[in-house]
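Heads up: the structure comes next, in structure tokens.
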Amino acid sequence: MSAVDKRAKFESALPVFVDEIVNYLKTINIPDDVTEWYKNSLFHNTLGGKYNRGLSVIDSYEILLGHPLDEAAYMKAAVLGWMVELLQSFFLIADDIMDASKTRRGQPCWYLMPGVGNIAINDAFMVESAIYFLLKKHFRQESCYVDLIELFHDVTFQTELGQQLDLLTAPEDSVDLSKFSLQKHSFIVIYKTAFYSFYLPVALAMHLAGVATPENLKCAQDILIILGKYFQVQDDYLDCYGDPTVTGKIGTDILDNKCSWIINLALAKCTPEQRVILDDNYGRKDSESEKRVKAVFEELNIRGEFENYEESEVSEIKKLIDGVDESTGLKKSIFTTFLGKIYKRNK
């Protein structure tokens, strides 16, 4: 099945799960206008993305089972995949409010839609609650039910911790590079992105396939957290050095005072004179300041540093993958598939 067909099939499953929520609301006599609002919120905030996280649940489950999924198995994996997408949507609704963002996936952010405003705060909670409704409906009788609940709660908490540190370290309206460090960047990336984007989908598939032993989960986490960190460092690099005609966006990390890998590496390597330039220009909303920051990055050979980082990190990831014991039910191809998708990517 092509990537386009996989995406379309996954997308076609969402109305089934939304209908389950809507039908439940009818049984408890929730007014139609509330039900319709909730339904619109669920569709608006979950559709239109790449679905990488949700599809990773299905792909990983199929690899673990070792054969194509029948319809029942597919829907079991798909509902977990959509729970990951709901979690992502919950985070993004709140992120967009906190960041005062204007658009998301090519349309206005939910809080900017007509009549929404601050109601979006409650809508974010409602989107999160849909996860646990679907989890109970589809997995209440499964032996892994409590493990799945705990996994979602743990990863949500981890992501929120990462977001908290990011917000306190790099507020857009208050630049203080003394708060930045590579150690903080690593924590933010691992907690804010890697756990829910890389570890969660695979861990869900492992529970579904019955191979989620403590040893297997630790092995998967060790690999996937490094993969997730590498992915975010790539993102930071592409924001500064990517081709906008390929990435589809013009980078704004320097203007927005982002605690990115690039600025943290620059701070670790720079001379006192270069540090003054970075302090005076980073996070300033003008193109001349941005140019001065980029000039320092060039002097520090950030491009070359990234290439060295990439090769070192990928070598470490491959070593960890080679060490996976497949006799326990875990499969190396889960991780090689992830790595293949992101190695040397340009967007």
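From the backbone N, Cα and C atoms, a Cβ is placed for every residue, glycine too.
Among the candidates Q88, Q164, Q221, Q232, the one that Swiss-Prot lists alongside R104, K192, T193, K249, K258 as binding dimethylallyl diphosphate is Q232.
Binding site for isopentenyl diphosphate per Swiss-Prot: K50, R53, Q88, plus R105 from the candidate set R105, R140.
Taking Q232, K249, K258 as the binding-site residues under consideration, the smallest Cα distance to R105 (isopentenyl diphosphate binding site) is found for K249.
The isopentenyl diphosphate site is set by K50, R53, Q88, R105; from the centre of their CB atoms, other residues of the chain with a CB within 8 Å are G49, Y51, N52, G54, E85. Shown in sequence order, T159, G162, G228, F231, Q232 are the residues of the chain, 6+ apart in sequence, with a C-beta less than 8 angstroms from the C-beta of T193 (dimethylallyl diphosphate binding site). In the three-state DSSP assignment, the secondary structure recorded for R104 (dimethylallyl diphosphate binding site) is strand.
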